[in-house]
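Enquirer: Pasting a structure below so you can have a look.
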Amino acid sequence: MTAKRPLALLILDGWGYREDQESNAIFHANTPVLDNLKANYPNGLISGSGHDVGLPDGQMGNSEVGHINLGSGRIVYQELTRISKAIEDGEFDDNPALCKAVDAAIAANGAVHIMGLLSPGGVHSHEEHIEAMIRMAAKRGATKVYLHAFLDGRDTPPRSAKGSLAHFTELFASLNAGRIASIVGRYFAMDRDNRWDRVVQAYDLITQGKGKHSATNAVDALEAAYARDENDEFVAPTAIVDANGDSVSLNDNDALIFMNFRADRARQISRSFTDPAFAGFERAVTPKTHFVMLTEYAGDIQGDIAFPSEDLVNTLGEVLQNSGKTQLRISETEKYAHVTFFFNGGKEQPFDGEDRILINSPKVATYDLQPEMSSTELTDKLVEAIESAKYDVIICNYPNGDMVGHTGNFDAAVKACEAVDTCIGRVVDALAKVGGECLITADHGNAEQMRDPSTGQAHTAHTSELVPFIYVGRDASIAEGGRLSDIAPTMLNLMGQDIPAEMTGRVLITIKE
C-alpha cells in the first residue's frame, strides 16, 4: 500500500471570531498553537450563517446546517427556510402527511398532539411552524389539539420561554380548540446521548400526563420552575391540568406530530413512540398513533414525513468514493452524526472507502463539568489514523467550543478552548511528519460570546459571527468573502481532483508556484 499524505479538515465546533473581547472565551483562552498558525500560515474568515448557508437573513448558523454546507460544497436551503416558505405560500395547510394524520384523528374522535421545541431559536424548530400546525389542525375541525412544549434556553437566553408560553396560551383560547398539555426542558425530551433516564420522563409526561409537577397553566408552571432554580432547558416534566385536575394523555388513534425539523435530537424520543422493539426503557403504555415527523429523522423511524429531504448528489464523500479515495470521519458522540450523516448530505450509509471512529463523550450532566470532554482520546485516535497513512482525507470535529459554550460558563469555555488548542498542536505535528496538510475552520460561532450584553444573562446560543479558516500546508493565498460551502471544492482542488458541477462553492486557496 502506498503511504498516503492526508488532507485533514478540522472543524472546531462553536468557534467564531469576534472583535469584542468582553465575555469572549476564545480571546481570553491561552491558545499558542492557533496563534502561531494564524501568524505563519494563510488564513482568513468565512461565513457560516444566514443566506450564506441557506438560512433566513441574519439567522445564526448551527452544526447540522454547517456540516451539510461543508460536505456538499453548495448552499443548501435548510428545512427552516423551506417550511417557512410553505407556510407563507399556503402549501403547509395542504401538506399530505400532516392533513392525513389530523383527519384520521378527527375521524376516530381522537386528539391531535403536537410536540416540539417551542422556541424562536430556529435551530431545531421554530415556534411559527408550531403555530401554523395548531391553526391548521383547528381549521380542519380538530377540537382536541394539545401542545407538548419542549423548552429551549440553549439556542435562546436561559430564561426566555415565558413570552412563548403566554402567546400560545392566548392562541388556544382564541381558537377554542385545545390547550398546552405539558412543558418540559429539552434536557429531558431532546437528549441524543442515550440518557434514557431523561427521555423516559418526557415520554411518561406525553403518554400518561405524569410529571414531577403540575399546574393549571403553562406560565404558572414556568414560574414555579424558575422558583426551583430550573432554567428553560432543565424545566422538570410538568403536566398542565384542567379545572378538575386532569392531565392529557396520548391514546390509540390520536395524531402525534413532531414539529422539530432537525434530526439529531429528535431521533431518540421518536423511536420511543414508534419502535415496537424499543429497548431504551420500559414503556408503561404504547399507544398506537398516527405519527408524523416534520422531516426525516432517520430511515428506520416509522412514520410519515411532512417534508422529505432533497437528495444531495456529489457531496465530498461521494466524490472521494468515486475517485477511489479513502476517508475517515471522527468525532465524539455529540458531533458524530455531524461528521457522518449531515456531512454526507443526510445519508446514513458510509461511502466505499469511508471509515468512522466514534469516541464516547463523557457522561456528565453538563459539559462545563469536564470542558476538555474526550478531546485527548479523540486526538490519540486521530494521530494514530494520520500515522497509519491509510487515509487520503480525514474529517474531524472537536465539539468543545459549542458544547461547553452552551452551558454559559465562561471559565469552563476558556478551558475548553485551551484543550482544543493543545490537541490541534498534536494533529498538526503528526500531519507534518507524514507530509499531510490541513484546513481548520468552524461550523458556526458560540464560545466567542458567553454573555448577552442586553440582558446580562449567560449567552448560551450560537452566534452569527464569521468563523476562522486556516490552511496549514503549501505557500498559498486565500480569497476573501468565503463561506462554508467553499470548503469542499477547495479540498478537491488541493487534491488535484475535478470539482463536480453540483458543487457551486468557490475555490478559496491559490497555491503559489
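Each Cβ is built from the backbone N, Cα and C atoms, and glycine gets one as well.
Since we're looking at a predicted model, the values are computed, not measured.
So Swiss-Prot lists these for the protein:
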type	residues	note
BINDING	Asp13, Ser63, Asp443, His444	Mn(2+) 2 binding site
ACT_SITE	Ser63	active site, phosphoserine intermediate
BINDING	His124, Arg154, Asp155, Arg186, Arg192, Arg262, Ala263, Asp264, Arg265, Lys335	substrate binding site
BINDING	Asp402, His406, His462	Mn(2+) 1 binding site
Enquirer: Quick check for the class: what is the C-alpha distance, in angstrom and rounded, between Asp13 (Mn(2+) 2 binding site) and Ala263 (substrate binding site)?
Expert: 18
Enquirer: Is any of the binding-site residues Ser63, Arg192, His444 within 10 Å of Asp402 (Mn(2+) 1 binding site) (Cα-Cα), and if so, which, in sequence order?
Expert: Ser63, His444
Enquirer: Which chain neighbours of the Mn(2+) 2 site, leaving out Asp13, Ser63, Asp443, His444, have a Cβ atom within 8 Å of the mean position of the site's Cβ atoms?
Expert: Ile11, Gly14, Gly48, Gly61, Asn62, Gly66, His67, Lys335, His338, Asn397, Asp402, Ala442, Asn446, His462
Enquirer: Spatially, which candidate from the binding-site residues Ser63, Arg192, Arg265 is nearest to His462 (Mn(2+) 1 binding site), comparing Cα atoms?
Expert: Ser63
Enquirer: To the nearest Å, how far is the Cα of His406 (Mn(2+) 1 binding site) from the Cα of Asp155 (substrate binding site)?
Expert: 8
Enquirer: Please list, in sequence order, every residue of the chain apart from Asp402, His406, His462 whose Cβ lies within 8 Å of the Cβ centroid of the Mn(2+) 1 site.
Expert: Asp13, Gly14, Asn62, Ser63, Arg154, Asp155, Gly401, Met403, Gly405, His444, Asn446, Ala447, Thr460, Ala461
Enquirer: May I ask which of the binding-site residues Ser63, Asp443, His444 is closest to Ala263 (substrate binding site) if we compare their C-alpha atoms?
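Expert: Comparing Cα positions, the candidate nearest Ala263 (substrate binding site) turns out to be Ser63.
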Enquirer: List the residues of the same chain that sit at least 6 positions away from Arg265 (substrate binding site) in sequence and have their Cβ under 8 Å from its Cβ, in sequence order, or write 'none'.
Expert: His124, Arg186, Met190, Asp191, Arg192
Enquirer: Given the binding-site residues Asp13, Asp155, Asp402, Asp443, which one is most crowded in terms of C-beta atoms within 10 angstroms?
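Expert: Most Cβ neighbours within 10 Å: Asp443.
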Enquirer: Which residue, of the binding-site residues His124, Arg192, His444, has its CB surrounded by the fewest other CB atoms within 10 A?
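Expert: Among the binding-site residues His124, Arg192, His444, the sparsest Cβ neighbourhood within 10 Å belongs to Arg192.
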Enquirer: Could you state the CA-to-CA distance between Asp155 (substrate binding site) and Ser63 (Mn(2+) 2 binding site) to the nearest Å?
Expert: 12
Enquirer: Cβ distance under 8 Å to Ser63 (Mn(2+) 2 binding site), same chain, sequence separation 6 or more: which residues?
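Expert: Counting only residues 6 or more apart in sequence, the Cβ neighbours of Ser63 (Mn(2+) 2 binding site) under 8 Å are Asp13, Lys335, His338, Phe342, Asp402, Asp443, His444.
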